[in-house]
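Below you'll find the structure, written out as structure tokens, and then a few comments.
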Amino acid sequence: MPTGLDALPCAVLVTDGQGLLQELNAELLAWVGGEPADWIGRRIELLLVPASRIFLQTHVWPLLLHQQRVHELQLMLREAAGTRLPVLLSARCTQDAPDPAARRFTWVLFPARERQRFEAELVQARQRLQHLIESTDAGTWEWNVQTGELRLNERGWRILGLAPDEARPLRLDHRFRLEIAHPAERSRTLRRLMRHFAGRSETHVDEVRLRRLDGSWVWVQERGRVISRTPDGQPEWMFGTHIDIDPIQRQQEALRRSKALLDRTNELAGVGGWEVDLHDPRQPLLYWSEQTCRIHGVPPGYQPALDEAIGFFLPEHRHRIEAAVQRGITEGLGWDLELQLRRRDGAVLWVRALGRVEFEQGRVVRLIGAVQDISERVRERAELHQLAAQLAEQHELLRVTLQSIGDAVITTDVAGRVTWLNPVAERLSGWLQTEAAGRPLMQVFQAVDERDRRPLPDPVVPSLNGGMGAAAETGAPLLISRDGREAGVEISAAAIRGADGRVHGAVLVFRDVTEQRRMAGEMSYRASHDALTGLINRMEFEARLERTRLRAQSEGSHHALLFIDLDQFKLVNDACGHAAGDLLLQQVSRLMRQTVRSRDTLARLGGDEFAVILEHCDEAQAQRVAHLICERFDAFRFIHDERRFRVGASVGLVPLDRRWRSITALMQAADVSCYAAKEAGRNRVHVWFDSDQAVRQRHGEMRWASRLEQALDEDRFVLHAQRILPCRPEPAQARPALHAEVLVRLREPDGQLVAPGAFLPAAERFHLASRIDRRVLQLSLQALGRQPAAAPPWLLSVNLSGQSIGDRHFCQDVLDMLERAGPSICRQLCLEITETAAIGSMSEAARFTSQVREHGVQVALDDFGAGASSFGYLKHLTVDWLKIDGQFVRDLLDDPLDEAAVRSFVDVARVMGLATVAEFVDHPQVLQRLQAMGVSRAQGFLLHRPEPLENLLDSVPEMKESGRHET
């Protein structure tokens, strides 16, 4: 009866452990004939020819009993027809038991001819497969998953980095398989292998980097499949191929990098691509790149219809792109437009839209192009246009400005050739723009040094050589025009640089300063020279004297200093007036200038005092010059209104060598020597010696000079004041709350106060009076400044010496102090000038009094009447008060002449509208007489004894002046 074995395509039989047949299938009966019953219970050997029986008994059974299986042993079967059939025998024990009868063995017989045919077909298939593999340049591999055995063909070995003759057996377990895979693909390839081993994929496919035997990596495409499994279903043999795709991967990686770079570049440049496929004109397909999507504000991958894409453009621009696309489709024309579009989020952009046409077989099949965000470029272009307009406007403004400014301007190229002149430069140089263009600058701008006529170098060369621009030449440049005219100029030059910092030329700016230079020279001359005589003044003289002293110190050279004081000058001034005195000073100045050398320094120090520096002159020669001066003066006669006056000169001579440590000591010595000459009889010369008896007599005054210098440095001068009171009652609103004369005192280091009579003569002689006057005026203004704003006004009178009036710097300092003090303070100040001071410097005194009165300061002429021509001075001086000299007031009751003089003074004052003050009022009867004569105010010990100014000011609110005078 049929069994399950009948379905098998080979002969199958089952025996017990003794070889007795128990089952057989129909395939076997077809070979050997008979029925199953004919063979059941018979021995298996009966199926074989005798030789095969012996082989079965001697080899097969022992091997089968030992190994429990045999595989493909070749035997010879006896067929029913008596023929022999070669078969391949495989057997295995399917039921084992100690009792051989209980054992079961399954035998499989396969015709050897079929196997040979199958093997032949397999060889052919393998050859075809090998040819196919070789044509694809693939490496093959066979991998026993269970044992790890790996078999490779020649190409497979080369892919792993070995030549075939270097090949060696490999054991490739799962761990080793993972180790040769790149870490980046290791987990992925393991998952795919496991999936295939589990039967969830028909084929294992992967692209993976494998580590070659030299340590390098190679990209391979791996394909394989399990071709056999173990009885328990586990994968056994796996066959596959390796294709070296390393060049492809590298090319793809390069392409990816290139695409990424192109994408980044397009993104940075704001450029996106697009394409329209027109194969079906009714439904054109539009593709946008990612950057194009970003420009339109839509997600990447967005694919709009053509009409929708055009709809992004603003209506006023849409017709242009529609017309361009239509011309492209119908006429094949490209386009390049700048348009505005509205993004999906509503933002408006400027874009550059480009397109061109592609043809196939003469037909338009595709539109391709790009769109670029140019919003920033359009904005910059608009700003550039605006800037260009502004630059044009500024250029025109600059051109008009340069045409109209007062400075001359010349520009040059980098080679120093003239490119442009403005009208002022044309006028000063004498060259027209058309004539000067292209000429070297030095041909158009010819300048010399005004002092020595030395030609000046090209003023723009430093700027062209990289300088930043500065005054082209120190000194005094003088421009010589084309027609020979000369003009003093100030020059400056600067480089003309481009935006890159390179020098493209230079600009020369110069101005005509001829008049300014003349005025500056005149001002410098006036600052250093005496206005009356033209000689240098005291300040310039002291500067030159210091330079000479330093030369004597450093070089050991010998010089001489002369101090000259005019004799009988006051007589001429009193007899003839100050105008005649000024004329006398001018004449004697010319006389002395003719007597000394031109290299020597002759100066007027003030009043009738002169000085001479004899450079490089020994003492003997200096004495001859000094005596010659005296002789010239002795022979000189001053003539005025047919009257002749003899004017002498007293000369003090001091050798100027390296012994002198300061010009102060030097001038003190010369002053003392001059005084000694005057005391010795006038019109003579006195030479300074260290042991000079006359000098020793003046040491007291010199010590005072040192004490005064120290007191000024230590600020030890203090102010007292003496009140000036009305001679008769005045309305309160018509007079100040306080009218007083400020008196100076010197506080010694031990605290004692020294009256001015002890030190003012020395201050006058050693030219310290101006410094003292300056300090007294400062303290007085400070006292006035402390007055409460609501308090009644005061009037403080401050005395100024003749030296101060003749000192221009002092006068300017006074004007500056008054300016800072302000009008309210100035109206409470009165400056007293002695008549003798006015006589010595009449012009300076007149100018000074006029200037201070412009600030609201009152002026008093002190010691009026002491001079012989007091009334004449009133014509030249503008004053507010006349202070009658005390010599006329002291003996007023006993001397009719004094009374007549005072009456005349009062009458003159009344005519001129001046108030009068009588000094030295010490007796009540004198005060009464002055009241009767009409004197305005009085001053003296009878009325008030001097006291500290602060005390007097503090007591002002408590003073009662109604009808009484303090005594």
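Using N, Cα and C of the backbone, Cβ positions are placed for all residues, glycine too.
TrEMBL annotations: computationally assigned, not manually curated.
These come from TrEMBL:
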DOMAIN    204-257  domain 'PAC'
DOMAIN    335-386  domain 'PAC'
DOMAIN    394-467  domain 'PAS'
DOMAIN    473-525  domain 'PAC'
DOMAIN    557-690  domain 'GGDEF'
DOMAIN    701-960  domain 'EAL'
Inset, instruction - Report yes or no: does the domain 'PAC' (473-525) come within contact of the domain 'EAL' (701-960), defined as 3 or more CB pairs under 8 Å with a sequence separation of 6 or more? - result: no
Legend entry - Tally of DSSP helical, extended and coil residues in the domain 'PAC' (335-386): 12 helix, 32 strand, 8 coil
Legend entry - Secondary structure content of the domain 'PAC' (473-525), with strand meaning DSSP E or B: 12 helix, 26 strand, 15 coil
Legend entry - Residues of the domain 'PAS' (394-467) by DSSP state, where helix covers H, G and I: 30 helix, 17 strand, 27 coil
